[in-house]
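One structure is given below, encoded as structure tokens.
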Amino acid sequence: MAESWSFLDTFEHNFRPLVVIEFAKGTKEETIDWFTKRIVDKKANGGAQLLVKPLVTENGNENIYLVGASHLRLLLGAETVGLVKECNDNSMRTFTYSSRKTFKDFADDNHNFLTMAEGQYIIKHELENLRAKDEKMIPGYPQAKLYPGKSIVRRLLTSGVLVQIFPLHDREELKKLRHSWYGRVKVGYQPLDEIRCYFGETVALYFGFLEYFTFALIPMAVIGIPYYVFAWEDYDKYVMFATFNLLWSTVILEVWKRICSVMTYCWGTLLMKRQFEEPRPGFHGVLGINAVTGREEPVYSSIKRQIRIYLVSLPFVCLCLYFSLYVMMIYFDLERWALDYHEENESNFSSLMLFVPSIIYAVVIEIMNRIYRYAAEFLTSWENHRLESSYQNHLVLKVLVFNFLNCFASLFYIAFVLFDMKLLRQSLATLLITSQILNQFAESLLPYWLQKRHKKRMKKRMCSLKTDADLSLVEQINLEKEMGTYFGTFDDYLELFLQFGYVSLFSCVYPLAAVFAVLNNITEIYCDALKMCRVYKRPFAEPTANIGVWQLAFETMSVIAVVTNCILIGMSPQVNALFPDSKMDLILTVALVEHLLLAIKFIMAFVIPDKPRDIQIKLAKLEFESLEALKQQVRATDMYNSEK
């Protein structure tokens, strides 16, 4: 592939902008000239060999640049990032430029072989891998230090020289996607392949999981309705319902792994080799040598990081957990006040007042979760993790622990300290429904309304301008650069995780939880689709093979659900009546049933393969062919050396 770079021309007659770069206002010309030269410079000289064009308007605003690439450059970039495409024999293989003719739908004049999202991902990869050579600083900004091997884009972003880099929307494709996705109310599957082609695998997998989880909740909802209507106080029947719920939670998570592997195999990400992780943008330290790569990069003591984690972050998290419990106790004081008020003044108003403490507490929980999220991000960044994966793992752990306690501590307290099943049902229903309404409003409806207002103002301003450039493109870029930034699927998965907890942890007490979850998820699909297409800037596509650490989080929640449901059933009057003389026998029986259910869960998880048989065969076949090709290469090298 290295020989191919030499004949790659950076000139392209039909320039197609894919990515927008926005410099800060007042950025020095020498800085812009230096950076754009590095973008268009040849790979052999340390450049990205891409195409750059300034967006010039009548008011002289030249702080926005458009980045594209020639068709050949994108093909070579696809090989660099290890994209996997479908071959003519229907197998999935890593794309190489030398074997391009063997791939389905490839033609030298077919510029749609790579999707726009893949092209933008390639450009992002090349921009992020622009690295300093001999420069000691960014030209024009002596305070922004550089060293050999430092990512130039990351330094420009952290120094405030670059405002943002984002991929452009494709108006025609987006219009088609909107129509097939949420343009009309219909009962059916989402166009996941189209979502993947436009937004990338990470976003498509989230919507695939949301759709799958919604369908998986339907049996629980259908069974829960008659239990709610006809067997409200009959805990003997709830034993069957809870047992089904616990087995159901295991089956759906294992089946999801199989569905996920099929989707990601067809998309090619299941076969993508994981690249060596570079230091994350916020990582800083004394300049040193990486023992693995031999390159210069910041070095930070792991001992200092551990001190920050255990002496600062951990006590702060514990303090937040204590504060959450303190707020919970205030909530119970309000519950007692509302109950006393109802007993003194029995009326319709006093009956409604019984729900007010739970509603207030649900709102406070959402506010605390969002404030804590910012604190957790700041702390995790301050811990100075070298790798993005390590940063994400520590952030997810902090957020999950706090959110779990904040959302479910009151329910555990009501169930296992107060032993008030009626209050538990009321609190669970109120927390679930209120949190769903707040999330829908805060994540989709409010941003959509604000974006619509901004769009109207922007259109009025653009109509008053006269420009030689393509007005539609100028208008599009000015609209999109002011749109909100989509920060990934973290919050979306977190919302589903908490919903899964509400449904599974106390299923034997409130079987209607699954019904409300299904109704919420149906609207969630449309609201999330709306915000992706109308509210936020287009995110860069990110290849992924699974939902990552969230799979483990859901599985952990299902294990906790076994314990809580077994204890709740053991506390019921009907079960207690079976052991009138010995509470120890009751405890041992509940523990035995709980261990038995856990054993069944783990056996089912072991028995159900993570990948279907045909996918396993295809992966094994590709591995075998790779080994054979490697052997032939070794033999050819040995023969060449022996002839010498």
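Every residue gets a Cβ built from N, Cα and C, even glycine.
Keep in mind that TrEMBL annotations are predicted by a computer and have not been checked by a curator.
Values in this document were obtained by computation on a predicted structure and should not be read as measured data.
The transmembrane segment annotation in TrEMBL falls on one of the ranges 522-546, 547-571, namely 547-571. For the transmembrane segment (309-332), the list of distant contacts is 357-358, 360-361, 364, 368, 372, 375-376, 379-380, 382-383, 394, 398, 401-402, 405-406, 409-410, 413: same-chain residues at least six beyond its ends, Cβ to Cβ under 8 Å. When Cβ-Cβ distances below 8 Å are used as the criterion, the transmembrane segment (212-232) is approached by residues 238, 241, 244-245, 248, 252, 255-256, 259, 496, 500, 503, 507, 511-515, 517-518, 521-522, 525 of the same chain, each at least six residues removed from its ends. A Cβ distance under 8 Å defines the sequence-distant neighbours of the transmembrane segment (586-608), meaning residues of its chain 6+ beyond its ends; these are 243, 246-247, 250-251, 253-255, 258, 555, 558-559, 562-563, 566-567, 569-570, 575-576, 578-579.
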